[in-house]
Each structure stands twice: as C-alpha cells, then as structure tokens.
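Some features that TrEMBL has for this protein:
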- 20-43: transmembrane segment (TRANSMEM)
- 35-309: domain 'G-protein coupled receptors family 1 profile' (DOMAIN)
- 55-77: transmembrane segment (TRANSMEM)
- 97-119: transmembrane segment (TRANSMEM)
- 140-158: transmembrane segment (TRANSMEM)
- 184-204: transmembrane segment (TRANSMEM)
- 246-270: transmembrane segment (TRANSMEM)
- 290-312: transmembrane segment (TRANSMEM)
Amino acid sequence: MSSPSEVAFITYINNVSAQINQYLSIFIFLFGTVGNILNILVLSQRSFRSNSCATLFLGSSIANFIAIITGLTTRMLSGWAVDLTNTNRVLCKLRAFVLNVARPVALWLILLAGIDRWLLSSPNIRYRQMSSLKNAQRSIIITLILSILLFSHIIYCYEPNLINAPLKCYGVTITCRLATDLSLMFMTIFFPLLFMLIFGLMTINNVRYSRNRTRPGDISMITMQGPPSTSRPTEQQQRNKIDDQLLMMLLVQVLLLFIFALPLGVQKLYSTITTNRVSSQAQVAIDNFAYNFVLLLNFIANGMPFYIYTLVGGNVFRKELQKMFATARQKICRL
C-alpha cells in the first residue's frame, strides 16, 4: 500500500506530465509544422533542385513534417480525452508505424547529407563524382524501404487500451517493446548520431586540406590563359557559396540533434536495462514522466531545421525565402 504522501506525489507527477504533453505539444506542433512547410517550399525552389545535399534536406523536412503530424496531433488531443489512437486498434497501429518510420528517415537523410558533403569535399575526384543528385534520390528511396522493413513489426506488436505502459497505444509484450526500443535506440539515434559526428569531422578535415594545399602551376596556367572570364567564376563562386552554407547548416543541425535526440536514446537504454526490475508506483510515474519529456525533446529536433537554416544558412537560403514570400504576395495582390 502506498502512503498518502506517495499517492500525492504520484498524482502530482502524472498531472505535470499531462500538462506538459498537452501544452508543450501545441507549441512544438505549431513551430514545427510551420517551419517544415516553409522548409519544403524553400528547398523546392529552382536554385536548390540540382543540389544533392539540398535534396536530402528536402526529404528530411518532409519526414519531419509527417513525424510531427502523426506524433503530436494525438498527444494534443489526449489532453481532452479525444485521442482515438488510444482506443482504436487500426489507428493505434497505423499511427505508431508511420511515426516510427518517419523519424529514422528524417535522421538518416541528415546523415546521408553529411556523407554527401564529405564526398563533395574529398580531394579524390572519384569520391566527388559520387556526390550527385541521382545518388541522393536513390538513397532517399533505399532509406524509406529500410525504415519500413525495420519497423514493420509494429503492425503486429502495438495495441491500444494498455494500462501499465508509458502510452496507452504501445507494445503489448516485453519482446515487442524490446524490439522497438532497441531499433529506435541504435538504428534511429545512436548509430546515426555517431556517424554524423565522424563524417562531420572528416568533412571539416577535407575542407581544411583543400584550403591549405597549394597547387603549383596555377599561376603559370593563369598567365598562359589570360584573365578568366567573368561568367564562369561568378557561377562557380555561387556554387561554392551554396556548398559552404549547406555545410554550415548541416554541422549546426548535427550539434543540436545531439542535444535534443540523444536523451531519448539514453532513456530507451535505461528502460531496456530495467525491463525486469520491479518498480514502485512512484518510480513508474517518474519513468513515464521522463519518457514523455525526452520524447517531446525529440519532436523539437523534428521541428527545428527551418530555424537553423534561416539563422545559419547564409544569404542563399534567406534570399530564396524572401523571394518566395515576394512571389506569393504578388499573386495575392493580383487576386
């Protein structure tokens, strides 16, 4: 039997968890949905269409948008006891499957963007040729298929109306929960973040190498060929500027992903280690609160890319955003 003070503590923790779920979810939903829609519109512009890294950013933004819609809509509705995924079997399975497929796709595409930047910055011409729009499009399709296969067990595992679980729509058996948690922990968070860090450092090393190296013969070639034309250097400078700004956008996003996505992986690791532990009701309430909080932090990671790109994406991203707003304003005025 729990003491009155413990019952009061459990009630308080559950109420705080419910309030955070209800109101913080609304904020994350609004800024994440608006940000990802603007991201999709900007990255679809002509100046980014032929860029492999921007294409991967676009795919990641679409996946982030789907993750926020499927993940946060139901959490907001649960505050008013109208979340059908908690009671409807089909909606429970469908929502969990789409959400768990979209989240790794969004993260893996950022990882692939990091690999693309590493290839493009490599001094080896064969590696640089692998950074192409066609390869980026192929990698998006392969990533989606792998994510669907990895989390296909959710269709069988998840059931609604559960009581002793962090969510009412959750894995029905310990085996199902372990399969989902381990897949999310390693394949969606730990391994992608680790490889992002590795390829980020390798890209920085390539950039430093390319800037510091000297190429003998350049001066003589310039002397023999005369002054360069004005059109091609300007076009090349524009491409280099876009590449540099995309690299900065990528590195800042990887840093923030470590801050907002890693806690969910740590929590999943903790829940896996303590699966067979007998916990008190107070400990269960604390664990559920921690899970819900780090899960919302993970949704912040899904909603923040647009604001990163706007702040650190340089003039190229902001100019495209301004141009898009100006075009939309002109169309509205014509109406």
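Easy rule for this one: first residue shown is 1, then count along the chain.
In case you wondered, yes, glycine gets a Cβ from its N, Cα and C as well.
Just so you know, TrEMBL annotations are computer predictions that nobody has curated.
Confidence in the domain 'G-protein coupled receptors family 1 profile' (35-309), given as mean pLDDT, stands at 84.
Long-range neighbours of the transmembrane segment (20-43) within the same chain, counting only residues 6 or more positions beyond its ends whose Cβ lies under 8 Å from a Cβ of the stretch, are 54-55, 57-58, 61-62, 64-65, 68-69, 72-73, 75-76, 78-80, 292-293, 296, 299-300, 302-307, 309, 317, 320-321, 324. Same-chain neighbours of the transmembrane segment (184-204): 100, 103-104, 107-108, 110-111, 114-115, 117-118, 121, 150, 247, 250-251, 254, 257-258, 261-262, 264-265, 268-269, 272, counting only residues six or more beyond its ends whose CB sits under 8 Å from a CB of the stretch. Sequence-distant contacts of the transmembrane segment (55-77) (same chain, six or more residues past either end, CB-CB distance under 8 Å): 21-22, 25-26, 28-29, 32-33, 36-37, 39-40, 43-44, 48-49, 83-86, 95, 98-99, 102-103, 105-107, 109-110, 112-113, 116, 133, 136-137, 139-140, 246, 249, 299, 302-303, 305-306, 309. Beyond the ends of the transmembrane segment (97-119), by six or more residues, the same chain brings 52-53, 56-57, 59-61, 63-64, 66-67, 70-71, 127-128, 130-131, 136, 139-140, 143-144, 147-148, 150-152, 154-155, 158, 180, 184, 187-189, 192-193, 195-196, 199-200, 202-203, 206, 243, 246-247, 250, 253-254, 257, 261, 298, 302 to within a C-beta distance below 8 angstroms of the stretch.
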